[in-house]
Amino acid sequence: MAVGCDCRYICNQFRAGGTLKGGTRVAQAQQSSDFLLRRLHTLAGVIPVGLFLLEHLFTNAMATTPNGAVSYNNAVDTIQHIPLLHFIEFFFIFLPLVYHGVYGLYVAFTSGYNAGQYSWTRNVLFVIQRITGIITFVFIIFHLWTTRFSGKAPTFEMVHELVSNPAYFWFMVIGVVAATFHFSNGLWSFFVHWGITVGARAQRITAYVTMIVFIALAGIGIDALIAFTHAA
């Protein structure tokens, strides 16, 4: 009986050990998958989506020049004549944008806070990053729907008509502020996650720099919106 009990005990321990090892392997695989998805998420937010945002802001900034309507229309016309434009838009802008937006929403509603890992200020920025991510996602979809998918290329006159509506104008202001903050603060996260800024001092300096970038980009975007309110 003692031998039988020992055998059953050993078998049970072996099975438990196998279960634990199997569970550990699954957990490690899940962590590796999450790590890769988050890396791709930050990369998509900075390179294709970030460059698209910058291009959009500086194209709109053409409206602030002395001959704003003509300059803006010429800039849009130049973009419309880029070879393989639809291919570039779909694979290098639309798909990364959808992935970054959808996965970002998943992270926003499922992940916990960073309490204890970062400072109080950084945790506040972390929460704002989530909120602005949701606002930016809605803003981009609505903006593309009213401009890119309107059936015709946007012109100064078309944008002027849209922003002449106070509700649309202020919605755009909120969207621009949210998008530029989300991008700029996201740069800090990108630099940290990719091991570019390692020490506390480097991360603190990067935080100041990215906030300056946010103020500059938000100013450019809002200035362009104001320029569009003036008739051509």
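Backbone N, Cα and C atoms are what each Cβ position is placed from, and that goes for glycine too.
A TrEMBL annotation is a machine prediction, not a hand-curated record.
Annotated in TrEMBL:
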- H56, H100, H143, H182: heme binding site (BINDING)
- 40-58: transmembrane segment (TRANSMEM)
- 90-112: transmembrane segment (TRANSMEM)
- 124-147: transmembrane segment (TRANSMEM)
- 167-193: transmembrane segment (TRANSMEM)
- 205-228: transmembrane segment (TRANSMEM)
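Against the transmembrane segment (205-228), the recorded stretches 40-58, 90-112, 124-147, 167-193 differ in Cβ pairs under 8 Å, and the greatest number is found for 167-193. Residues H56, H100, H143, H182 are the ones the record ties to heme, and the longest Cα gap between any two of them is 18 Å. Between the transmembrane segment (167-193) and the transmembrane segment (40-58) there are at least 3 Cβ pairs closer than 8 Å, counting only pairs 6 or more residues apart in sequence, which means the two stretches are in contact. One way to see the shell of the heme site is to take the Cβ centroid of H56, H100, H143, H182; the remaining same-chain residues with a Cβ within 8 Å of it are V49, F52, L53, L97, T136, F137, F139, I140, A179, F183. The binding-site residues in question are H100, H143, H182, and the one with the fewest Cβ neighbours inside 10 Å is H143. Listed by sequence, the residues of this chain that lie at least six past the ends of the transmembrane segment (124-147) yet keep a Cβ under 8 A from its Cβ atoms are 97, 101, 104-105, 107-108, 113-114, 118, 154, 158-159, 162, 171-172, 174-175, 178-179, 181-182, 185-186, 188-189, 207.
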